[in-house]
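Q: Got a structure here, written out as structure tokens. Questions coming.
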Amino acid sequence: MQALRHVVCALSGGVDSAVAALLLRRRGYQVTGVFMKNWDSLDEHGVCTADKDCEDAYRVCQILDIPFHQVSYVKEYWNDVFSDFLNEYEKGRTPNPDIVCNKHIKFSCFFHYAVDNLGADAIATGHYARTSLEDEEVFEQKHVKKPEGLFRNRFEVRNAVKLLQAADSFKDQTFFLSQVSQDALRRTIFPLGGLTKEFVKKIAAENRLHHVLQKKESMGMCFIGKRNFEHFLLQYLQPRPGHFISIEDNKVLGTHKGWFLYTLGQRANIGGLREPWYVVEKDSVKGDVFVAPRTDHPALYRDLLRTSRVHWIAEEPPAALVRDKMMECHFRFRHQMALVPCVLTLNQDGTVWVTAVQAVRALATGQFAVFYKGDECLGSGKILRLGPSAYTLQKGQRRAGMATESPSDSPEDGPGLSPLL
């Protein structure tokens, strides 16, 4: 008689992971629940939300009659996620710690803990996503050391597991999973991948999981909670006062506490001005923030960017991109934004240029460009450089022309790319 398959499910104390564990139990698996504590702090009201979430996760395990474990990754989170978050802001970029957390904590630290310490056959999370494997195929996966050297042994090459969008397109979370390793993905089950949020809530209500059903959905960065973002950031970074300057006439409109506090597209809080102004560019040398009137100002729109070396879910770039050096696909740089048609151009160093079919609003360095082909999430790369804005192109500004023609730019930098922040 075959032993029960052991699935270790990450529990956050929310409804999605609770229902994921319930569904795994219903499928007849031996399920263990694990709560990860990644941040050690009180919010501004003196409440440690992690403790409450841990209690809720423990109660889920009691209701489902499954073992409960708690692990602390506070140190790993600080080193791999939060330090990166601060470093990116100091550089004037706009990081996405959720993507980095999934890569380093949930699908690395937790994955290895589940497999090595708890003897898991597979892990599971409450993410709305799917893979190209059925459950039984997941259980057949074993760790295979990546072939080394120039030539791969043809018998060691495996078909890559695909990361696919969830059935509920509005709740789809493949954006946040776009940096997950192939090794972890092929041993992961996403029980909610084919369900809608409403149906998940219905399942929770019918199975005595009311305590997680009534909780508000967590949004934003887990370590900030309900706190004011500017106040939070200034606890860790030194204020660097500078000016708000109009992109249209270089007029000084006000002052700010630090250019790193603002991201492109964000409304600038400038005292004394009736009309809203929006951040369109930042000067890292002088510490000035350039702003423009109107939310649809052409200075907010760009159609060209360059990424860091892309993390491909399949571990290799798509065959068409390798063959032709160019490929049509779609991308997004914010969760739930509409997919944007684009053309990728592959560079020798593994980075890509992304040319959007039409200019998009509020691109910012530090964000991740996540690529899609149909339902499949191909992977992602961090945005490191931006092309000129529509406003710059319209004006034909001399400084943009000088940046493009700078002898220090390598040919790899592409047309009109500059390291705008």
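Including glycine, each Cβ sits where the backbone N, Cα and C put it.
These figures come from a predicted structure and were not determined experimentally.
Pulled these features from Swiss-Prot for this protein:
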- Cys101-Cys222: disulfide bond (DISULFID)
- Cys101: active site, nucleophile (ACT_SITE)
- His127: site 'Interaction with tRNA' (SITE)
- Cys222: active site, cysteine persulfide intermediate (ACT_SITE)
- Arg267: site 'Interaction with tRNA' (SITE)
- Gln367: site 'Interaction with tRNA' (SITE)
Q: To the nearest whole angstrom, state the Cα distance for the pair Gln367 (site 'Interaction with tRNA') and His127 (site 'Interaction with tRNA').
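A: About 21 Å separate the Cα atoms of these two residues.
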Q: Which residue among the recorded sites His127, Arg267 has the fewest other Cβ atoms within 10 Å of its Cβ, if you could check?
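A: Taking His127, Arg267 as the recorded sites, the minimal 10 Å Cβ count falls on Arg267.
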Q: What Cα-Cα separation, expressed in whole Å, is found between His127 (site 'Interaction with tRNA') and Arg267 (site 'Interaction with tRNA')?
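A: Cα to Cα, His127 (site 'Interaction with tRNA') and Arg267 (site 'Interaction with tRNA') are separated by 31 Å.
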Q: Got a sec? Which of these recorded positions, Cys101, Gln367, has the most Cβ atoms within 10 Å?
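A: Going through Cys101, Gln367 one by one, the largest Cβ count within 10 Å is at Cys101.
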Q: In whole Å, how far does the CA atom of Arg267 (site 'Interaction with tRNA') lie from that of Cys101 (disulfide bond)?
A: 27
Q: Does DSSP give Arg267 (site 'Interaction with tRNA') helix, strand or coil?
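A: It is in a strand.
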Q: According to DSSP, collapsed to three classes, what secondary structure does His127 (site 'Interaction with tRNA') have?
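A: Assignment for His127 (site 'Interaction with tRNA') reads coil.
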